[in-house]
Structure formats: structure tokens, C-alpha cells
Amino acid sequence: MTTVQVPGSKSVTARALFLAAAADGTSRLRAALDSDDTQAFRDGLRTLGYQVTEAGDDWLVDGRPAGPPAPDADVYCRDAGTAARFLPALAAVGHGHYRFDASAQMRRRPVGPLATALRDLGAALSFADAEGHLPIGIAANGLRGGRLRLDASVSSQFLTALLMAAPLMTDGLTIEVTDLVSRPYVEMTVTMMGDFGVSVQTVGNTFTVAPQRYVARVYDVEPDASTASYFFAAAALTGRTVTVPGLGKNAMQGDVRFVEALRAMGAEVVVEENRTTVTGTGRLSGLTVNMRDISDTMPTLAAIAPYADGPVRIEDVANTRVKECDRLEACATNLRAMGIEVATGADWIEIRPGTPRPALIDCHADHRIAMAFSVAGLRADGLVLDDPDCVRKTFPGFHRVFGDLRREWDLTGQHG
Ligand SMILES: O=C(O)C1=C[C@@H](OP(=O)(O)O)[C@@H](O)[C@H](O)C1
Ligand SMILES: C=C(OP(=O)(O)O)C(=O)O
């Protein structure tokens, strides 16, 4: 059995940073993820005037309930969807002039519904370049709040941003959501707002937040469930056993449910109080699975799919086309380069069984493509990543940890 210590959750870290920044007092975040995305978030807060300091492995955040201390700031969000969607909402409840920009990759990704909502709530928001995309400017003068309708079918991050800012709005906020992807991330948001002392009333798809104050606290960040998917998949693919401590029955992240797909394919899965164990059984069966709630793990499943004994069809994942890259096309083209038969539609991908041949994997600067195809490389010789470093977005140490696993399991081949 191999125990893998997975670093902290990117999503939990980003929320904890936001909530701590908005709270009364100083919070201590323990086991926060230190990666490109969370550094972008932390540095974004610093640029907005918040004090975020490091104490050993902990991050200390001085909360400012009135909004960003800096009256004027240029925030660079790098590749991070969390920073690009959450920080403008935090800035909008304050008073000052703020500009948000990001990498070319993040500029391509949508922020339109969030921007429209912030305008409806009273923010003076302008697009510097393309409508619905970063860069944006906000002349902030507090938000009055009220009631709005929101389409979160492209990203749940729009809803999370508005919910987390809602208790800081003069009248609070009621959001009626017309459509929603990635629902477990919103449940995580509501749970974490509660952890920092703020309650959200949820009735069906309507969320109501009264004006309230966040309370500073010590907060333990749970390990990243999307990152864990690569190690669980590695076990399922190679017939080994992997245990990830810290992700058990009460884990907040929806992506822990990736192991259910592995179980449906034939792996043994044991979910205990505070850890999850996957054991490969030497065979993988095909399946049809809806991954709308856990679509960050779609590439993980797609990359091991050729080794199943029947077709693997992944459905309801249209929004994976507006992630770091178009992930449906990226998975399909890389699998085809490996000689695998693949079909895609607007929101699905179907992969046929096959024997992968050596190929250069085009990562599209997407950490999930790099990590998912590294898993496939445990059984296919000659899979080479064109951009192994892109894993820094969420797991800078991935290749080291994966290399250790490869040596421990005595597997040859190349993956980065
Ligand atoms: O709120 C979050 O932390 C996230 C929500 C999801 O995005 P979408 O809601 O855009 O699917 C997920 O893919 C992303 O990695 C992190
Ligand atoms: C989509 C992702 O990131 P984000 O939207 O937070 O940039 C991801 O990490 O897979």
C-alpha cells in the first residue's frame, strides 16, 4: 500500500483567503496550498492592501470587513479562475479604483455573468478590452445588494463570488440561480461561509444572505480532491493500492466522488472517516458517467479510458471547454495522437479501448491535461509532455511525487 500526502485544496485555500480577508480579526490558515493559483490569490489580496504573512507553513490574514484597504490597485490574476472571479467581487464591496487583469489563457475565459451581476448591484464596472472578459476596471463605492437572477451554467465561480461578498452588501443579497454547473463547489462555499460565521438560506436554487460579519478563525485546509484523482487513477490503472489521508467521509470537495467512477469500473474503494483507499483489481470496465458535478476529473478518467475493456463515455461536461483550455478537444486530440479512437460532442466524449502508442502530449498549458496523461504514462511507454511545468498551477511538486511513486512501483517509461 502506498500513502500519498496530497497538498491542500486550491478551492478551499482561495475561499479561506477571501473569507479571512473579509473577517473581523486575524485568521490563521493551516496547510493552505502553495501553488501558482493560490499565490495569485494571496498576492492579489496583498495588492488590494490586505496583510497576508507566512508563519512556517501557515498563512496569517488580517481581515478588513470594510473592503480592500488600498484605494487604488492593479491586480494580476495569472491563470487563476478563482482569483479572477472572486477578487473583483471583494473589491466591489469596498471603496476605490481597482483593475483586474490575467494571463492570455484567463483573459479568454468568461466573466460576463458575474460582471453583469456586479453592475446590477451598483458597481461601476468597465471592460478594458473584450466585453465579458478580463481586463476589467471597477470604481467601487460599496454594493447595495438586493435581488438578482444569475445564470451559472458556464461557471459556478460567479455564484461563489457573489455569495461570499453578499454579507458585506448594505441590504444583503438574494440570488435566484437559473442554471448551475459544479454544484458541489457552491455547497463548499456555503459550508465555508458558515465556518467563518455567516449563514446562507438555501431554498432550491435561491440563495439568501443577510448583512452579517465574518469572524476570523484558525482554519485547516483539506487536501485537494482533484489532485488526489491522479493517484487514485494510478492505483486503479496499475493494480496497486493508494491511500490518501485527510480525504474521507466528511470531505467538502465534490471531486472525492471521482472514486465512485473508479469503483464502477471495477476498482476497490474504501472511504473511511478521514482517508480514502483505492485498489486496482487488474481490470477496468467501460462505463457511461455524468461528470457535471466533478468535471475537473474528466481528463483523469479520459486518460485512463483506453485501458478499459469497453467504451468510456463521459457526459454533461460542456463547461470543460472554457477551462484552462478546451479540455474535451485537448483530451480527444491527445488520445488520437496515441492511436486511440475518440468521438466528442458539445458536452461529451467517448473513448474506445485501445493500446496507446508513443506520443507527444500537447498540454495546452493546462495542469490537468499534464497530470492526467502522466497517469496514462504509467502503462504507456513514450508519452512525453510538451509542457510539464504547467502543473505549477495547483501542484508544483507533482512530477517529484509521481516519480517517487513510479520508482516505488518499479514502473518504467517517461512522463515529463
Ligand atoms: O469554485 C471553485 O473553486 C472551482 C469551481 C469549478 O469551476 P466551474 O464552476 O467554473 O466549473 C472548478 O472547475 C474549479 O477548478 C474550481
Ligand atoms: C478549472 C480549473 O481552475 P480555475 O477555474 O480555478 O482556474 C482547474 O483547476 O481545473
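Quick reminder: no glycine exception, Cβ is built from N, Cα and C everywhere.
Taken from TrEMBL, the feature domain 'Enolpyruvate transferase' covers 3-401.
The secondary structure of ARG327 (phosphoenolpyruvate binding site), as reduced to three states from DSSP, is helical. Taken from TrEMBL, the feature phosphoenolpyruvate binding site applies to LYS10, GLY81, ARG109, GLN157, ARG327, ARG368, LYS393.
According to DSSP, ASP296 (3-phosphoshikimate binding site) sits within a helical segment. Taken from TrEMBL, the feature 3-phosphoshikimate binding site applies to LYS10, SER11, ARG15, SER155, SER156, GLN157, ASP296, ASN319, LYS323.
The Cβ of ASP296 (3-phosphoshikimate binding site) lies under 8 Å from the Cβ of SER226, SER229, ASP255, LYS323, ARG368, each of which sits 6+ residues away along the same chain. As annotated by TrEMBL, active site, proton acceptor applies to ASP296.
Its own atom aside, the Cβ of ARG109 (phosphoenolpyruvate binding site) has 21 Cβ atoms within 10 angstroms in the protein chains shown. For ligand 2, the binding-site residues lying close by, meaning a CB under 6 A from one of its atoms, are GLY81, ASP296; the full candidate list was GLY81, ARG109, ASP296. All protein chains considered, the CB of SER156 (3-phosphoshikimate binding site) has 23 other CB atoms within 10 Å. Within the group of binding-site residues (LYS10, LYS323, ARG327, ARG368, LYS393), the Cβ with the highest number of other Cβ atoms inside 10 Å belongs to ARG368.
GLN157 (phosphoenolpyruvate binding site) sits 11 Å from ARG15 (3-phosphoshikimate binding site), counting Cα to Cα.
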